[in-house]
Amino acid sequence: MSNAVGAAARRVGALRAQVVDPASSSRQTPQEAPSARVGLVDWFFGASGIGGKRASFTVAVLGAAGGIGQTLSAFIKANPKVAELRLYDVAPVVRGVAADVSHVNTRAKVSGYVGDDELEACLRGCDLVIIPAGVPRKPGMSRDDLFGVNAGIVRTLCEGVAKTCPNAIVNIISNPVNSTVPIAAEVFKNHGCYDARKLLGVTHLDVMRAKTFVAAAKGFDDPTLVDVPVIGGHAGTTILPLLSQTTPRCSFTPEEVSALTSRIQNGGTEVVEAKGGAGSATLSMAAAAAEFADACLRGLSGESGIWACAYVESKATRAPFFATKVLLGRNGVERVAGTGTLSSYEKRALESMLPELEASIKKGINFLHS
Ligand code: NAI
C-alpha cells in the first residue's frame, strides 16, 4: 500500500547526503553551485515527486483549522498528485491556515473557505474530500461521547458533498467513525447519490500504530516494512489487529498478543491522556490521513495493487460496515477483502466486538431518521 510517510523517513539519510557542504559551496557563485535536492515533495513522495506524475486532483479538507486539519493540509500540499487544495472550516483562521500552507513551494494551489456560505465553493469539482471536522476527546471520554456534536457536523458536511460533488471520494476521520460513516451513507442515500465504493472511514492510524508497536516488540528496525491488518471498527475493542497475519511472519506468545492488542486498541487514549485535556492524536493522525489520502489518489490515478485497511460497507461479517483491507482503484473501493484465517483469539475477539459495532452502526443510521 501507499507508504509516503514511511518513504519520507527512509529518505532522510539520502537527503542529508545530498545537501551541499557549505565550506566548498562558499567558493562558488550561486550559478556554479550544484543544486541540492532538498525538495519537500521528493522527501515525502520519492520517485513520484519532483519531476514525477503531474498534479491533477482537487482535494478538500473540511475542518482544516483544527489540530489534525492543519498538519494534514501541510502534508497534502506536498503531494504532487494534488493540483488544488481547498481548506474549509467554521473558524475564520482557516484563511490564515491557507495562506500559511500556500507558501510551501509545491504545485498545489491553496485557498481557504469559511462557514456554510462558502462550503459549496470549496467542494465544487473536488475529487477527494477529507473530513476531520468536529470535537476531539478529552481524558475520560469515549469516542461515542462525541456523537452528540459530531453527528450533526458530519451530516451537514456530507449534505454539502451530496449537493456539490456527489462523485467525490470521501474520507471520514471525525469520531465516532463507527457511527459517522453510516451517517454519511444515509445522507448520500437520501440524496440519491450513495456509492459504497466512495465512502471510506479512516482507520489507518490503527494500522500505523500496529506497525510501530509490533516493530518495537519484535526488534524490526523499520516499521514501514511491517504489515499488520487491523479489522473491525475504530473504537476500543472494535479495533482488532490481526497479529496472526503479521508480515514478516513472526510468532507472538499469548501474553504478547494480549498486550499488543490492548496497546493498539488504546493508542488513542494513550495520546489523549498524555496531552492531559489539550486534544487527542493530531500529528500521527495527520500523517495517517495523508498516507491514506495518497493511497486513494494513487487508486484514482489508475495505479494497480493499492491495498489499505478502511472502514467501508462490507459483507465480510454480519456488521454492514466493517474495516478490512480494501483494494483502491479508479472508482474508489474496487474490492473488499475478507478477514482471512483468524487465530482462535481473534475469532473470539471478533465475535465479542460485533454487538457493539452493530449498535454503533444502528445509532448512526437512526440519527438520520430521528
Ligand atoms: P480540533 O478541535 O483540533 O479541530 C476540529 C476542527 O473542526 C476545528 O477547527 C473546528 O473549527 C472544525 N469544525 C467544527 N465544526 C465544523 C463544521 N461544522 N464544519 C467545518 N469545520 C468544523 O479536533 P482534532 O483534534 O483535529 O480532531 C478532529 C476529529 O478527528 C475529532 O472528532 C477526533 O475525535 C477525530 N479523530 C479521529 C481519528 C481517527 O483515527 N479516525 C484519530 C484522531 C482524532
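Glycine residues also receive a Cβ, built from the backbone N, Cα and C atoms like all the rest.
Matching D89, D195, D294 to the NAD(+) binding residues that TrEMBL gives (G63, A64, A65, G66, G67, I68, G69, N150, I173, S174, N175, M285) identifies D89. Within 10 Å (C-alpha to C-alpha) of N175 (substrate binding site) lie the following recorded positions from G63, G67, G69, N150, H234, M285: N150, H234. Same-chain residues with CB within 8 A of the center of the R137, R143, N175, R209 CB atoms, the substrate site residues themselves not counted, are P136, P176, V177, H234, A235, G268, T269, V272, S280, A281. A straight line from the CA of G63 (NAD(+) binding site) to the CA of R143 (substrate binding site) spans 18 Å. Candidate recorded positions: R143, R209, H234. Nearest to G67 (NAD(+) binding site) by Cα distance: R143. When the binding-site residues N150, S174, N175 are compared by the number of other C-beta atoms lying within 10 angstroms of their own C-beta, N150 comes out lowest.
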